[in-house]
Amino acid sequence: MDTTPTALPLSDDGVPLKVRLRRAERSYKLRSLALIAPLLIFLVLSFVLPISTLLYRAVDNHELADAMPKTVAALDGWDGNAIPAEPVFVALATDLRDLKEAGRIGIPAKRLGYEISGFRSVLTKTLRKLPAPDAQNVRDVVVDAVPEWGELRYWKAFERAAKPYTPRYLLASVDREVNEDGQIVVNESSAFVDIFGRTFWISGVVTLCCLLLAYPLAYWLSVLPPSKSNLLMICVLLPFWTSLLVRTAAWIVLLQSGGLINGGLQALGIIDQPLQLVFNRVGVYISMVHILLPFMILPLYSVMKGIPPHFVRAAVSLGAHPFLAFWKVYVPQTIAGVGAGCLLTYILALGYYITPALLGGPDDQMVSYFVAFYTNRTINWGMASALGSLLLVATLLLYVVYGKLVDNTGQSGRK
Amino acid sequence: MNPYATPLEKVWFWAFRLFCVGVLVFLIVPILVIVPLSFNSSSFLSYPLAGVSLRWYHELFASDEWMSSIRNSFIVAPAATLLATTFGTLAAVGLTRGNFPGKAVVMGILISPMVVPTVIVGVGMYFFFAEQHLLNTYSGLILAHAALGVPFVIITVTATLQGYNYNLSRAAASLGAPPLTTFFRVMLPLIAPGVISGALFAFATSFDEVVVTLFLAAPAQRTLPMQMFAGIRENISPTIAAIATLLITLSVCMLLTMEWLRRRNEKLRGSGI
């Protein structure tokens with residue numbers, strides 16, 4: 001009653017063809033994966049892991065546990081209601097003695113200083129009045145010499161800094177902090193929300209300007225005969241291929257107070273005093289629009305190139321005013337290109353660092369500047385990583401939207 | 001323009017053209033303006049030119065700092081390009097050979113170096129490379145630049161492979177060619193325009209990269225963009241205009257090569273292969 005073997009065609013060696021086909025397909029797929037694997041491994045090692053390190057550093061809190069391991073271990077299981085007992089103070093004295101010998105007191109002092117600003121001097125004071133290694137009643141000696149160790153809030157701060165992970169840098173990136181009672185409160189003196197707002201705002205303005213400049217130009221280039229449009233396209237592509245620093249330098253030369261634009265305007269008698277066009281927001285906007293404009297023009301151009309002219313012509317011949325026909329018939333067909341171009345421009349603008357750093361003033365710096373600042377200047381890597389992580393999350397969310405959008409346009413183009 | 005246009009339509013037509021030409025001028029003029037300044041004999045970066053001289057080029061070529069930064073860039077960029085192009089082309093071939101689960105995620109990862117803000121890449125690599133003892137080395141810089149160039153190779157080569165006829169590979173295989181021979185003798189010559197333009201993109205990316213380099217390189221590895229960044233920040237002298245002019249010449253060359261490759265690719269597609 002077994003009918004299947006005879007129903008299936010067999011290959012020469014007696015294996016059903018279906019099985020052989022599946023085997024062949026599987027090995028084909030595996031070979032495809034083997035071709036991708038080297039690059040994927042390379043990128044994971046040289047790109048994905050470094051970025052994961054950054055994300056990890058945003059919550060990582062190992063400085064104190066590394067610098068004062070004995071105290072941190074002794075404090076484990078502390079209920080937080082009373083000043084810790086003698087063993088913790090013995091561990092504290094031992095740790096501080098080790099740090100003094102190694103000359104590494106700076107790291108825990110800096111970390112504890114983030115929690116309570118006076119903690120740094122408490123540590124140095126304790127260091128000077130350290131009891132002898134074999135002293136009895138270390139707790140009383142230390143508290144007598146440095147009364148802060150008898151205050152609960154210092155120990156609570158120490159405990160917070162001793163945890164392996166901390167939300168403090170991420171909270172600080174949105175102007176929040178944990179107060180001494182463990183509640184999340186607004187930090188009035190911090191301005192990171194403003195800086196994020198500024199970053200999103202500058203990127204938005206730049207994207208909008210790019211769209212307003214690029215849309216008509218892309219349309220014109222798409223309806224011109226190829227011989228002309230190819231020639232004009234050089235004006236778009238040459239800036240695209242030119243070094244960012246060359247373009248930045250060019251804008252400084254053009255915009256500075258003795259530069260061409262001010263000189264020209266003064267010679268024409270339009271202005272008496274040179275305008276401040278550089279090292280402020282105006283300079284940042286002008287140069288960023290110039291640098292990002294090709295990223296808007298190119299996707300728009302490629303979408304517009306694929307739009308047949310008949311639809312608008314049909315609408316006009318049916319009596320629509322040319323503007324109405326353009327708005328109701330042409331523009332909707334370009335929405336996908338507009339979306340892709342705007343998102344790409346916005347994503348790229350969010351991460352700008354060089355242009356604002358060279359052409360902007362202190363109030364025009366974007367999040368990237370502060371990431372670099374905390375990495376290189378103040379060596380506060382937790383803060384740099386937290387700011388970077390938030391910027392990364394914002395960028396990746398937009399990137400996912402962009403991927404969906406481009407994917408959809410690809411499909412609609414194939415129909 | 002049709003001859004029956006109303007005056008309003010005429011005004012609109014010319015206003016539109018004027019606007020477009022204005023945008024083109026905005027794009028191209030800043031780049032052209034800096035070129036004559038590099039031949040200026042005075043040390044001010046302003047017009048009118050005081051006289052024509054090559055003194056800033058002499059200064060450029062006589063400066064150890066500038067020359068060593070140019071040398072470093074010509075060490076790092078070709079090496080990074082080679083890495084990115086080799087791995088990228090292989091992966092692009094794998095990606096276009098059919099679907100597999102998780103393809104979208106893999107593609108997302110391969111393209112991500114293009115969208116992640118460079119400062120984040122820089123700081124992340126700074127932390128990670130420090131642990132791997134790759135900080136302040138040429139190898140570290142080359143790895144970083146290669147990673148940044150990969151997306152461009154993937155995008156251009158996959159785009160070119162869309163137009164590749166896989167029956168040609170099958171024909172070669174059925175005639176007994178081993179896979180490597182098929183790749184080098186049949187596929188590579190046909191997708192070469194895409195591979196070369198991807199390599200050019202990767203080269204330009206590395207040659208212009210400054211943010212990640214600022215984090216990873218010591219003065220010994222100082223690249224040309226880094227030197228320019230420092231120069232622009234301190235005081236912008238005509239030497240900057242001279243090096244800018246040389247870089248613009250380089251970008252014109254790259255642009256012309258790209259255009260030539262595009263035409264070649266179109267011709268190949270037009271001939272039905």
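Backbone N, Cα and C define each Cβ position, glycine as well.
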(request) Out of A:32-56, A:82-106, let me know the one TrEMBL marks transmembrane segment. (result) A:32-56
(message) Are the transmembrane segment (A:336-359) and the transmembrane segment (A:311-330) close enough to be called in contact, which here means at least 3 C-beta pairs under 8 A that are separated by 6 or more residues?
(response) no
(request) For the transmembrane segment (A:32-56), name the stretch out of A:200-219, A:311-330, A:379-402 with the most CB-CB pairs under 8 Å. (result) A:379-402
